[in-house]
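Okay, so here's the structure we're looking at.
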Amino acid sequence: YKLSVSPEVDIMEYCRKEWRGNTPAAKRMRKGYEAVAQKFASIRRIRGDNYCAFRATLFQALSQATQLPRWLQSEDFTMLPENLLSKYDWIKQWQLRQKPGKRMGEISDEIKEYLILLRKKWKNISEIKGPLEKQEACDKLFKNEEEEYSLYEALKFLMLNTAIELYNADKSGRRVPVFSWLLFARDTSSNPCQLMHNHLNHIGHSGGLEQVEMFLLAYALQYTIQVYRLYKYSTDEFITLYPNDPEEDWPVVTLITEDDRHYNIPVRMCQETML
């Protein structure tokens, strides 16, 4: 059994253990970690399967949540699977995470359950006032594998919904963010159906999130995802924002990556940064 989110360790201690050598790469990583350590005191390692971008983002979002996001409050939120399936027959080929011993019911019922779980967990955790209790509740949730993976299914479905909205908006001549063009400019995802078949269905199984899908995740959650990309230290891509022109009222979560494939999370903002 692997912990989904490991206990926190001092950032520079972690860095010294991981990057000992004198290669240019190790030196760059150490510089990158030093820059992060100006803002954050500790790091928590995220379990390294193909869900780590989801895991890091959702953990950060929940551990600082003080209210239910607007999109989670809407009446028809849990009707999403039914509504989409009534318009797009191809969604029936959505690849659900196989549950041993459980017969596959109607796909929309399964996804509806995941969406209800996401809303419930977000609401419960956001209502916890004390920071320690909130942290404990998050740790507990991310130790429950069944629930944790159900939440990732919900996130994937929200990404599909967002992709369909953006695709339709572009087709009807409305303005869409630049990443949306890039998303549908790929040979493997020229429309939402292909995106589902060739990308979303594989996330967590044979691959993680690509750069352009980090934008889609940010839009689906209406969160700005700020990432310290350590191997880009001393370039203007060292701190990358998804999306790069975020809405002002979107909350921000911060992640760390050494290679754009695996994500960890920085925790405990240094006092002077908070002031």
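Glycine residues also receive a Cβ, built from the backbone N, Cα and C atoms like all the rest.
Just so it is clear, the model here is predicted, and its values are computed rather than measured.
Per TrEMBL, active site is recorded for Asp49 (among others). Long-range C-beta contacts of Asp49 (active site), restricted to its own chain and to partners at least six residues apart, with a cutoff below 8 Å, comprise Gly204.
Long-range Cβ contacts of Cys52 (active site, nucleophile) within its own chain (separation 6+, distance under 8 Å): Ile46, Gly208, His262, Tyr263. What TrEMBL records for Cys52 is active site, nucleophile.
Annotation source TrEMBL lists active site at His262 (among others).
When other Cβ atoms within 10 Å of the Cβ of Glu237 (site 'Linear diubiquitin binding') are tallied across all protein chains shown, the result is 10. The site 'Linear diubiquitin binding' annotation in TrEMBL covers Glu237.
The Cβ neighbour count for His262 (active site), using a 10 Å radius over every protein chain in view, is 18.
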